[in-house]
Amino acid sequence: MPTNQNWKHHRSVLVPAFSPSNLRFGMDASLEAVHDLCTALSARCDKAKGGVVELDIYPVWAAYTLDVIGKVGFSYEFKTAQSLATGEMSKDVDLLNEIFTTIAKRAFIPSFLWHITGNSERSPKNAEAIAYIRGIVTEVIQKKRSAREEGGGQVDVEGRKDLLDQLMGKDFSDEEIFQEVLGFFLAGHETTSNTLMFILLELCRNPHVYAKLMEEITSILPTSETLLTWDLLPSFKYLDQVIKESQRIHAVVGGLGRTTAKDITVLGHHIPRGTFLNISIRQIQWDERYWPSPRTFDPERFAEGAPQPVAGSYLPFGDGGHNCIGSRLALIETKVGLVEVLRRFEVGLVEGREVKYKSGVTTTVVGGVWVRVKRRGVEKE
C-alpha cells in the first residue's frame, strides 16, 4: 500500500473518480445492476413453490456490488446479478471471495508463513483469482488505449472518467494500475455486500423499523412505475438513519491501523512516535459512554434533532486523511439496492437458521443470512 508522498499522489489521482458527475453515474450503474438482480430474483420466485424462495442473501448482494464496481471502476459489464436466476454463485464473486479470505487470514499470520499456509499470491486458488482479474483489467486497458488513439486522446465517456481512466491518464505502470483496481475491488466489494446483508438482517429482526421504512419508501415511490431518481435519493431520511445505525452496531471493518507521527499522551498513557496502534471501531461504537444501550438497534439515534455523536465515537468509514475515499459511492449503492429490492419483494428470516458472526479484517456471518423472499403483490398457490 502506498504511503507518505507516494500515497498522497495516488490519493490525489483517485479523488476525481468520485466527483459529483461520477457519483451520478454510480447511481445509474446501481440502478442497472439492481434491475438485473430483481429480474433474477423474480424468476426464482416465480418457479418456487408458493412463490417463496429461501436463499442466503449475501451472494445476492455480492453479485450486485460486483456489477456496480465493474461499471464504475472500469466500465466493465460483469453481469453477475443475472446468474442469480439459477441460484449458483458467480465465478467472479467466488474468485474475489478467495482473495479476500486470504487477506483476512494474512492479518493474523506472520508473512513468513503465508506460503506454508497457502496464503501467498502463488497458491493455486489465489493465483487463479488474481490471473482472472488481471486478464479482465488488461483487456479493458487495451480497449481504452485503442479508443484513446482513435479518439485523439479522449478516454472519457459522456463527460466522465472512471477509476481506470484516471489512472491511465497519469504516470502509473500497468502493474500499479492493476494493484489500484484490485484494491478498489477488495475495499468496495466485501464491505458494501456485508453492510447490505446486516441492514436486511436488522430489518427482519425489527419489524417496526421495517414497517416504518416501507412507509417511507411507498410515500416517495407510490407505484411500481415511479422511478427512483438522483433528486429523490436525499428524500429517504429514515433510510439514512437505518443505514447509519446498522453501520454503528455492525462495524463491518472492525478496526483501524495507525502509526503515531509524534509522541502523544492518551488517557495518561505515553505513546512514543512510530508506535503502531490498532483502534477498535467495534468497541468504540458499542461503548456505553457514547451510546446508551449500545447493543440495541435504534435508528432514532440518528433522527433529526437527536444529539450528535461524540467526535471519534462513530467511524463507519474510518477517519482522517486515510478515510474511505469511496464512502459516498458506497452509500448511494447501498440506498439504491435496498430501496429497489424492498419495494419489489417481501423479505423475512428463515426460522431455525443461526446467525453466527465471524470477525477478521471485516465482520461477516458464517454460512450467511438466510431469508425468505416473495414478490410483492403476487399471490401464488
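Placed from the backbone N, Cα and C atoms, the Cβ positions cover glycine too.
Some features that TrEMBL has for this protein:
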{"type": "BINDING", "residues": "C324", "note": "heme binding site"}
Q) What same-chain residues, at least 6 away in sequence, bring their CB to under 8 Å of the CB of C324 (heme binding site)? A) A187, F317, G318, A330
(Q) Using DSSP and collapsing to three states, where does C324 (heme binding site) fall: helix, strand or coil? (A) coil
